[in-house]
Amino acid sequence: MSSIVVLFDFDKTILDIDSDNWVVDELGSTDLFNQLLPTMPWTSLMDKMMGEWHVQGKTIEDIIQVLTRAPIHPQIVPAIKAAHALGCDLRIVSDANTFFIENVLKHLGILECFSEINTNPGFVDEGRLRILPYHKSFHGCTLCPPNMCKGKIIERIQSTFTTEKRKTIIYLGDGAGDYCPSLKLVEGDYMMPRKDFPVWYLICKNRHLVRSAVHEWTSGEDLEQILLHLINTVISTGDMKKNVDNTSQLFDCKFETTALGAFAKPVVVPH
Ligand SMILES: [Mg+2]
Ligand SMILES: [Zn+2]
């Protein structure tokens, strides 16, 4: 089992854009969307848009076509593949929906890299897409939108960790909805906010409230470099600890120090 869990937001983190806005714009419904937005929650509006498109004769295949054209930085897929190859447990925590995310990740050839997708349910029902809220009743968090509290998802994931083998979380995100989960991270975890995006501003304003280390990123290149560096740091620290555990059973403390320097192996990043 991997000791590192990497949690990815989806919109404006894996994809360079917001998938909901992208599909609405590409299907020519921007005006209608903006007109209805003040009248209902985002997820309900997305569900309503799906109904509109169905009536207009737009098919599920049309939506998939639009999704597969969504812009993504060229280093994101290599970064995800490398993190997976290094043995990390990768999961999605997103306010998009399962239908969009699965189709995009499948198209990019990286769906199998992820062990879990936490998002709003999206499914085809009689030729029309349905989008439902992640939480069926109010989650009780005032920081988050009514349909989803990502902090609650982090707490659920953390509750599966055993005390003797604590896992390290690396969290990547950009939006205001990624702030609540950043408050759930603990010392030893890593938060990677996208610089100049809402979560970055919120963290900068409340830096003392975030207990994890914070590493900002701007481009897909940064994301790849910083993420792989953090993963390698956690892996080599773990290796050193293992060496200490093994050697301390056999040798005295003086030798242990030597062994540590001599045997801690560098980890090569595959490219
Ligand atoms: Mg996002
Ligand atoms: Zn929350």
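Any Cβ shown, glycine's included, is placed from N, Cα and C.
Positions annotated as active site, nucleophile by TrEMBL: Asp9. What TrEMBL records for Asp11 is active site, proton donor. Sequence annotations record features per position, and here TrEMBL assigns Mg(2+) binding site to Asp9, Asp11, Asp174. Residues annotated as substrate binding site in TrEMBL: Asp20, Asp95.
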Nearest recorded site to Asp174 (Mg(2+) binding site) by CA-CA distance, among recorded positions Asp11, Asp20, Asp95: Asp11
Distance from Asp9 (active site, nucleophile) back to Asp95 (substrate binding site), taken between C-alpha atoms, in Å: 8
Listed recorded positions with Cβ under 6 Å from ligand 1, out of Asp9, Asp11, Asp20, Asp95, Asp174: Asp9, Asp11, Asp174
Asp95 (substrate binding site) in three-state DSSP notation: strand
Same-chain residues at least 6 apart in sequence whose Cβ lies under 8 Å from Asp20 (substrate binding site): Asp11, Trp42, Met46, Ala96, Phe100
Residue among active-site residues Asp9, Asp11 with least C-beta crowding, 10 angstrom cut-off: Asp11
Cβ neighbour count (within 10 Å, all chains shown) around Asp95 (substrate binding site): 24
